[in-house]
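Trainee: This is the structure I want to talk about, given as structure tokens.
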Amino acid sequence: MTITAAVLAEICSALPLSGSIYIWAAESAGPKYARFFGFTVAWWSCTAWMTFVAGNCQTTANYIVSQLAVWDVDYPGGVGNDNIKWRSLIWVISEGLLLLAVAINYLPPRVYSLVFRASIFIMMLDFFLCLIWLPIGVSKTYGFRSAHDVFLQTANETGAPPGWNWILSFLFTAGTMTGFDASGHIAEETKNARVIAGKGILSSAIATGVLGFVTAILFLFCTPSLDVFFATNAPQPFVQLYAVALGKRASIFMTIIAVIGLILNTSIAIVAASRLVFAVARDGVLPMSKWIGQVDEKGQPKHAVTVIYLFAATLLCSILPSQVAFTSLVSAGGVPTIAAYGLIALLRFTLTPNSFKTSYFYLGKYRKLFYLVTILFNALVVSVMLSPFYFPVTAENFNFACVIFGSITIFAVCCWYFTPPEKWLRQEQILQALHSTEDEETSDHHD
């Protein structure tokens, strides 16, 4: 994923435009195919970011309702996704959290920079508490797992063949390793974006990878035996883990930290998503583009935020009829983004391998190797996210990510076909962006 980030940083530095990921795809395809791939990735990434907002709200709700399982609260119909009353409770909480995350977005920009700082503080506090307090709690209660269990034990809860069962574990690890293109979406509002936006992409991928690896190993040593862990009926097993290791009261404190961190995280995801939706609307792709593409007196795309709220609120309603809506939401939020990462690398590898030499993060002679690694790895992750999560597949456990992804792609192709070229991503715009990077290259040579 760090190699993927390097490929994105290279093109981001050459084209630091807002809403950048679809512009990156268009420019990577060269003038002939630019509109087609620009359209496809614009729809992919808009849907992915807006879906991610909905998925995040449900993740947060899962933390809150898991406290009911910890304190053995008797809920009508029982605690579990097969109970419609239980799903209704999660739905109501998710919708409330979405409203809160959207409300934070209406704060003035100066206050909002405090939200960024607060969210980093909360996440680091959570990280260090897990690193220090959790192991102390585990050592005083049920004790650590053996190194043999941590590194060699497998459990097949999916019914998949053993090899694929192991690869399915990429679902959530790769899910956390996406979204680092966000610093590209706000590049227009960034000083010295040519350097800073690219650094943001690279550093966030590296930080997530390093800290995520440490966390994964730590949690493997700290989980109770699999029989105990899988017997928890809470939708978020970590809340139960905190209760067993640290005590019931301490689990409330850890839950509060996780919930605050996730609410702030969701509001920051809305910032990136709103800039993307605004840029796509400004270029005339979305229905009601004129209204969505307006900004307020402070230059904030408030209408785009409203559109994201309506989309995410509607999407959360899928919790009510379906038991596996959540896993489908998580993978549907990841698939289009990861597919776009792989597609950009594929286009760079096949159509424009020698462009964008002015980039601050130009990959030089290693670029083709980097593109190839990015293509193969992201293809694997996409196949994991589209795969069934349980075998044999039934109507109840069907993963809807493939349906969502397929329909967005068909919709994008139809939009590309029916939208006249002068309406969106006109040929002049594409060539202008290409020429501006080429002009920089020639001026660099003269220097």
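Cβ coordinates are placed from backbone N, Cα and C, and glycine is handled just like the others.
Pulled the feature table from TrEMBL, pasting it below:
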TRANSMEM  6-24  transmembrane segment
TRANSMEM  36-55  transmembrane segment
TRANSMEM  89-107  transmembrane segment
TRANSMEM  114-136  transmembrane segment
TRANSMEM  163-180  transmembrane segment
TRANSMEM  201-221  transmembrane segment
TRANSMEM  252-281  transmembrane segment
TRANSMEM  302-322  transmembrane segment
TRANSMEM  328-349  transmembrane segment
TRANSMEM  369-391  transmembrane segment
TRANSMEM  397-419  transmembrane segment
Trainee: Counting only residues 6 or more past its boundaries, what in the same chain has a CB within less than 8 Å of a CB in the transmembrane segment (6-24)?
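Mentor: Residues packing against the transmembrane segment (6-24) from afar: 38-39, 41-42, 45, 180-181, 183-190, 193-195, 197-199, 201-202, 275-276, 278-280, 282-283, 340-341, 344-345, 348, 355-356, 358-363, 367, 370-371, 374, 433, 437.
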Trainee: How about the transmembrane segment (201-221) and the transmembrane segment (328-349): at least 3 CB pairs under 8 Å, pairs 6 or more apart in sequence, or not?
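Mentor: By the criterion, they do not touch.
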Trainee: Between the transmembrane segment (328-349) and the transmembrane segment (114-136), are there three or more C-beta pairs closer than 8 Å, counting only pairs 6 or more apart along the chain?
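Mentor: When sequence-distant Cβ pairs are counted, the transmembrane segment (114-136) does not touch the transmembrane segment (328-349), since fewer than 3 lie under 8 Å.
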Trainee: Of the stretches 36-55, 89-107, 369-391, 397-419, which racks up the most C-beta pairs under 8 Å with the transmembrane segment (163-180)?
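Mentor: Of the candidates 36-55, 89-107, 369-391, 397-419, 369-391 scores highest.
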Trainee: Please work out whether the transmembrane segment (252-281) lies in contact with the transmembrane segment (369-391), by counting C-beta pairs under 8 angstroms that are 6 or more apart in sequence and asking whether there are at least 3.
Mentor: no
Trainee: Cβ under 8 Å to the transmembrane segment (302-322), counting only same-chain residues 6 or more beyond its ends: which ones?
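Mentor: Here the qualifying positions are 49-51, 53-54, 57-58, 84, 87-88, 90-91, 94-95, 98-99, 102, 105-106, 270, 273-275, 277-278, 281, 286, 291-296, 328-329, 400.
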Trainee: Does the structure show the transmembrane segment (397-419) and the transmembrane segment (114-136) touching, where I'm treating 3 or more Cβ pairs under 8 angstroms (sequence separation 6 or more) as a contact?
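Mentor: Judged by the Cβ rule, the two regions do not touch, with the required three close pairs absent.
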